[in-house]
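Q: What Swiss-Prot records for this protein is below:
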{"type": "BINDING", "residues": "152, 164, 309", "note": "ADP binding site"}
{"type": "REGION", "residues": "309-314", "note": "region 'Important for transport activity'"}
{"type": "REPEAT", "residues": "77-170", "note": "repeat 'Solcar 1'"}
{"type": "REPEAT", "residues": "182-274", "note": "repeat 'Solcar 2'"}
{"type": "REPEAT", "residues": "282-368", "note": "repeat 'Solcar 3'"}
{"type": "MOTIF", "residues": "309-314", "note": "motif 'Nucleotide carrier signature motif'"}
{"type": "TRANSIT", "residues": "1-69", "note": "transit peptide"}
{"type": "TRANSMEM", "residues": "79-106", "note": "transmembrane segment"}
{"type": "TRANSMEM", "residues": "147-171", "note": "transmembrane segment"}
{"type": "TRANSMEM", "residues": "180-200", "note": "transmembrane segment"}
{"type": "TRANSMEM", "residues": "250-271", "note": "transmembrane segment"}
{"type": "TRANSMEM", "residues": "285-305", "note": "transmembrane segment"}
{"type": "TRANSMEM", "residues": "345-365", "note": "transmembrane segment"}
């Protein structure tokens, strides 16, 4: 089959580095992917052309961070415009999907909330979580934690711009010269290294977002919240646990980058030449459905990692903590069953659809108004 007709995702995103979540995301994912875990931003690497100078990079999530989009190599005004417009696009997509994201986080972490006495009884499902949250906290509470999630985009993009050239030179394998597996391993390594480097700086924002989103009004504690806002999360966590409290779950998050990245791009490169043939090659719907299927599949496969890292985050400030990600994994499976690792996965799938739909519409609006598309963070 003619390789020029079916370029790999890395060829399409030539010159771009890949950073991680939530995890997240995002994954686009959106974004640890998948993050969400990495679901939200993953679709955009299929939907957005690179002729406009915008690539895609894995960022934790939210989901795990999902996926964030990096401006191409440019300086001055061009970079600033792409940077700011990408921020607007990220704010639009993240804010639109924020209610689903909060429900996902509440369902995913409800067992830790019950242990801490901050949730009276388990949620029965997505609709029950929506209804109880609105009833107990009000409609605006569905956006709790969204500010930290939107703010996270900007340092992520700046770090992406700073790290991408270094890791591009360090892991500069060519598929034609070095072979597929060496090229694939190099891309996994570069994505993991760049993702971990970026994550080191923005992880505390994802931590703050997670704690705020899971800060339901506690029935057993007089309806009081644990945190009064993002700054309060930092102050209370540092006071009780020190800086390390802001980075609980960091190691497993870095593993999640590589796992999601390998699944996503491995599936993409394998399925694209088989599925997108003939008339489907330029079909928006076909690309959308393929991207959605791949991000959902990779996101579900890596979702337990996102659950473990977020459950570890939830123990900062608590008397009993997990000693490691392996202990967290084994205790969750032993005490709650393996299905507990997938709590909130249904909401994560809905978030992927909502985020992708909003971004597709926003891309069209940008083309009409500004004559070009700008990238966004999907995580």
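Each residue, glycine too, has its Cβ placed from N, Cα and C.
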Q: Under the DSSP assignment, what numbers of helix, strand and coil residues are found in the repeat 'Solcar 2' (182-274)?
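A: Tallied per class, the repeat 'Solcar 2' (182-274) gives 77 helix, 2 strand, 14 coil.
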Q: For the motif 'Nucleotide carrier signature motif' (309-314), DSSP counts of helix, strand and coil?
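A: Per DSSP, the residues of the motif 'Nucleotide carrier signature motif' (309-314) fall into 5 helix, 0 strand, 1 coil.
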Q: Determine which recorded stretch among 79-106, 180-200, 250-271 has the most C-beta pairs below 8 angstroms with the transmembrane segment (285-305).
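A: Out of the listed stretches, 250-271 contacts the transmembrane segment (285-305) most.
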Q: Please count the residues of the repeat 'Solcar 1' (77-170) that DSSP assigns to helix (H, G, I), strand (E, B) and coil.
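A: Taking the repeat 'Solcar 1' (77-170) as a whole: 79 helix, 0 strand, 15 coil.
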Q: Including all protein chains displayed, how many Cβ atoms other than that of residue 309 (ADP binding site) lie within 10 Å of its Cβ?
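A: Its Cβ has 34 other Cβ atoms within 10 Å.
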Q: Using a Cβ cut-off of under 8 Å, list the residues of the same chain at least 6 residues beyond the motif 'Nucleotide carrier signature motif' (309-314) that approach it.
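A: Same-chain contacts beyond the ends: 22-23, 32, 64, 105, 108-109, 111-113, 116, 207, 210-211, 214, 248-250, 252-253, 256, 321-322, 325, 328, 332.
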Q: By DSSP, what is the split of the repeat 'Solcar 3' (282-368) into helix, strand and coil residues?
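A: Split by secondary structure, the repeat 'Solcar 3' (282-368) comes out as 71 helix, 0 strand, 16 coil.
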